[in-house]
């Protein structure tokens, strides 16, 4: 009964406060012209602020592409919330969600890039966030299969623009570009398997602190077939499976610990050239760009892979 009395009292206070504010007019001033009032909606209750609303990458349109066979786009974001291939720190399964949260301010209304004189959110391309691939956390082999199949569903359809334009795929067609949000780096293997189905072997530009080409017996010990596939060995497997174009792959930003010179020798066997992080001090940014261009060339389709530890050691 005391609780009911307290609720009634609070309601009375709230009502009195409402009566007190009832006659207050909205404050006039320059706030009416702020940029966030240009967001979709009526400029009032229907306009999401950068800190509200459903999270997609850069606040772009969401569509359940995996269940919409005939929905077309030019660039698709897809999440792969997988982290059971990591050897030390788990949590990357929350990466797709975290990336979307962190990209809230990168949108049509704040995405202009001064050096490029362009806004990628307002360009020729139809860009869509397709959500996440369903990934089990209980069975690595099945999870990698889910990632491969989910990615291939997104990759293999006709694009929204230039659908009839000749392209580099096996069938000579243009396909959409797919940006996958990880996830630990093991996801690269099923992604390359998916890409191979459409393009054949591709060149890889790999920004990472680590090689990720270790033999399974060196990295992880390979107590089982599935354990041999992890975030330090996936490029070794990709090389063995013929997913990489010969001698046109390159790492950039390498500063890893090594078991010995044999790690670099094995990396070359897998088809990679190495640009170490310290080379930024000797050949500079332009020198690194030159190395990458000379190594990769212009003939093969290219897969770009970026590990956050090459950008932020923390």
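Just so it is clear, glycine is given a Cβ too, placed from its N, Cα and C backbone atoms.
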Mn(2+) binding, same site as 208, 210, 212, 307, 309 - TrEMBL member from 185, 237: 185
Among 212, 307, 309, the most crowded of the binding-site residues [Cβ within 10 Å]: 212
Mn(2+) site shell beyond 185, 208, 210, 212, 307, 309, criterion: Cβ within 8 Å of Cβ centroid: 206, 209, 231, 310
Nonlocal neighbours by CB distance (under 8 Å) for residue 210 (Mn(2+) binding site), same chain, sequence gap 6 or more: 232, 254, 256, 307, 309
Per-residue Cβ crowding (10 Å cut-off), top of binding-site residues 185, 208: 185
